[in-house]
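Working notes, structure below.
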Amino acid sequence: MAGVSTHILNASLGQPASKVLVKLLQQVDQDYMLLDQQVTDADGRIKTFNFDVFVQSNYQLIFEVADYFQALNTESFYPRVCIDFKVTDIQQHYHVPLLISPFSYSTYRGS
């Protein structure tokens, strides 16, 4: 099924990052338009973002991680993580995992 999903793992604790607000935006001209925003489930996942039309474009995921780390009473360097990615084939599914720790993050194209 085509679309966009994500999974956030706290690498420093070895567990999913639940209750993180994640926004999906699409680039329109020089600006970005909000398509959907959801909160990660207990497994740190958003299984699919809900939006009307999936087109070839640049997209952005914004992970609001400050509140997550604050709830853990943990100082963190990054208040949010922004990941830009390009959709070239609207028949494919784009899974964008995020590994976080208080002072670093990493991402990759998942399957």
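Every residue, even glycine, has its Cβ placed from backbone N, Cα and C.
Just so you know, TrEMBL annotations are computer predictions that nobody has curated.
Copied from TrEMBL, the annotated features are:
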| type | residues | note |
| --- | --- | --- |
| BINDING | H7, R45, Y108 | substrate binding site |
| DOMAIN | 4-110 | domain 'Transthyretin/hydroxyisourate hydrolase' |
Worksheet item: What is the number of residues in the domain 'Transthyretin/hydroxyisourate hydrolase' (4-110) that are helix, strand and coil, as DSSP sees it?
Response: 6 helix, 57 strand, 44 coil
Worksheet entry | Other CB atoms within 10 A, centred on H7 (substrate binding site) | 19
Discussion item. Within its own chain, what residues at least 6 apart in sequence put their Cβ under 8 Å from the Cβ of R45 (substrate binding site), listed in sequence order?
Written reply: S5, T6, H7, I8, P16
Fill in: Integer average pLDDT (0 to 100) for the domain 'Transthyretin/hydroxyisourate hydrolase' (4-110)
97
Discussion item. For a quick check of packing: other C-beta atoms within 10 Å of the C-beta of Y108 (substrate binding site), how many?
Written reply: 10
Worksheet item: In the same chain, outside H7, R45, Y108, whose C-beta lies within 8 angstroms of the Cβ mean position for the substrate site?
Response: S5, T6, I8, L9, G44, H95, V96, P97, L98, G110
